[in-house]
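Chemist: Got a structure for you, written out below as structure tokens; questions coming shortly.
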């Protein structure tokens, strides 16, 4: 007895039975979404389950996800521990060049090594988001860790500042971006209700590496020199290559959606196919959301002076207070309080519903700006330490809550692209802030104007961010009036089908 599967209509649940007559008799029963009737050659027709909407994805909220949390914590700790300790590497680079004060522009030239590395993390982020969506979190992160490893290792074989612009600034910075961003996205595969807590644990645990690293660099640098120090740091990236293998996807792709997409492409012209592929890889739909545009602009504004304390505080205390033996305490304080802030803010963020989480970022940016402006008011090294504690706390709150807010604004399907474009927008102001601060130091002969400058953008950016929840609420009210229903804004359809970002078809068998 032959049977033919019924084609269901989406979104119409129902039950049905069918009986057919012919050479034989057949009966079919089914319960599901949709209903239809199939015909056979003289055989019965039945009613079967149609191809209705798939059940919403529910993360496991733990399990193997805690292994992923450990790998992501190592990634965050090793990458940002190195970048945030550049104040120590900065002085080691100048000593390694052996030129002393013969070159008046030596400090300016040396600062670009760290600025390039930090800027590349954000500049590469839009490209990283595409790689993450297309080849997966695991492959992208492993590739990035390998590039970062090569960059640090090759930096140990040269003393040329220009070569280190490429090896440390470009290679290590680019590799850091490719390794870091998937660690944010993959957590959304395993956590939803406890995503803030997972991010907080990742960020807080990473401080077990980043906090002692400045002291370690200070001691090891004196003992074995800068070249061997770079080799030791490259070992952190080598370990990260293997830890990235834990970023396995847990949601299979939709074969039907892929097949339909291929059929649509086949019926289009070459130009239409090219344009379709461009839109597929450069998903700009996140910018259609007004709340995302405001959020991205506010953060890009706030980070203009964000990296200034990490780059110039060590040099500032050496110049103002002649403190050279305990200057490593400053990056340690920054890292320790950042870890505490990340751990606490993750749990707090889970308790705050919806986009009200943004107010945590608002408070952290405003306080960060005020603390930067208070640096020139300090009359002793101890005062700078207290300010570093607050700066680190603000950094922790801002960093941890960024990914959960992106998921709230655009949904999990577009979170990778949203984070990528945001960090891309942050690249230029983040890179430009430290050279501008250095210019103020050269022009006025001290760092006072530099830290006043660093405090203004975070305050302005924080005030811009405070508008986002209000705009979102107005959009909800307008939709309720239009539809007459009390519901949240529905996420737009995305080009990834049923895939979460970082879960490509090539890894569907996992």
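For all residues, glycine too, the Cβ spot is worked out from N, Cα and C.
From TrEMBL, here are the annotated features:
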type	residues	note
REGION	1-54	region 'Disordered'
COMPBIAS	1-10	compositional bias 'Low complexity'
COMPBIAS	11-51	compositional bias 'Gly residues'
TRANSMEM	64-90	transmembrane segment
TRANSMEM	110-128	transmembrane segment
TRANSMEM	135-153	transmembrane segment
TRANSMEM	165-188	transmembrane segment
TRANSMEM	195-217	transmembrane segment
TRANSMEM	223-243	transmembrane segment
TRANSMEM	292-308	transmembrane segment
TRANSMEM	328-346	transmembrane segment
TRANSMEM	358-377	transmembrane segment
TRANSMEM	383-407	transmembrane segment
TRANSMEM	419-437	transmembrane segment
TRANSMEM	449-471	transmembrane segment
Chemist: Do the transmembrane segment (135-153) and the transmembrane segment (223-243) share at least 3 Cβ pairs under 8 Å, sequence separation 6 or more?
Modeler: yes
Chemist: By a Cβ-Cβ criterion of under 8 Å, what residues six or more beyond either terminus of the transmembrane segment (292-308) are in contact with it?
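Modeler: Long-range Cβ neighbours of the transmembrane segment (292-308): 115, 118, 286, 358, 361, 365, 368-369, 372, 402, 405, 409-410, 418, 421-422, 425-426, 429-430, 432-434, 437, 450-451, 453-458, 460-462, 464-465, 467-468, 471.
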Chemist: Counting only pairs 6 or more apart in sequence, are there at least 3 Cβ pairs under 8 Å between the transmembrane segment (110-128) and the transmembrane segment (419-437)?
Modeler: yes
Chemist: At a Cβ cut-off of 8 Å, and with pairs 6 or more apart in sequence only, do we get at least 3 pairs between the transmembrane segment (64-90) and the transmembrane segment (358-377), yes or no?
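Modeler: Answer no, regions not in contact.
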Chemist: Quick test of the contact rule: Cβ under 8 Å, at least six residues beyond the ends. What residues does that give for the transmembrane segment (223-243)?
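Modeler: Residues 70-71, 74-75, 78-79, 82, 89, 92-93, 95-96, 141-142, 145-146, 148-149, 152-153, 155-157, 168, 175, 179, 209, 217 contact the transmembrane segment (223-243) from elsewhere in the chain.
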Chemist: Does the transmembrane segment (383-407) reach the transmembrane segment (449-471) with at least 3 CB pairs under 8 A, where each pair is 6 or more residues apart?
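Modeler: These two stretches do not touch.
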Chemist: Any residues 6+ beyond the ends of the transmembrane segment (358-377) with a Cβ under 8 Å from its own?
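Modeler: Tertiary neighbours of the transmembrane segment (358-377) are 295, 299, 302, 305-306, 308-309, 313, 316, 341, 345, 348-349, 352, 383-384, 387, 390-391, 393-395, 397-398, 401-402, 405, 447-448, 451-452, 454-459, 461-463, 465-466, 468-469.
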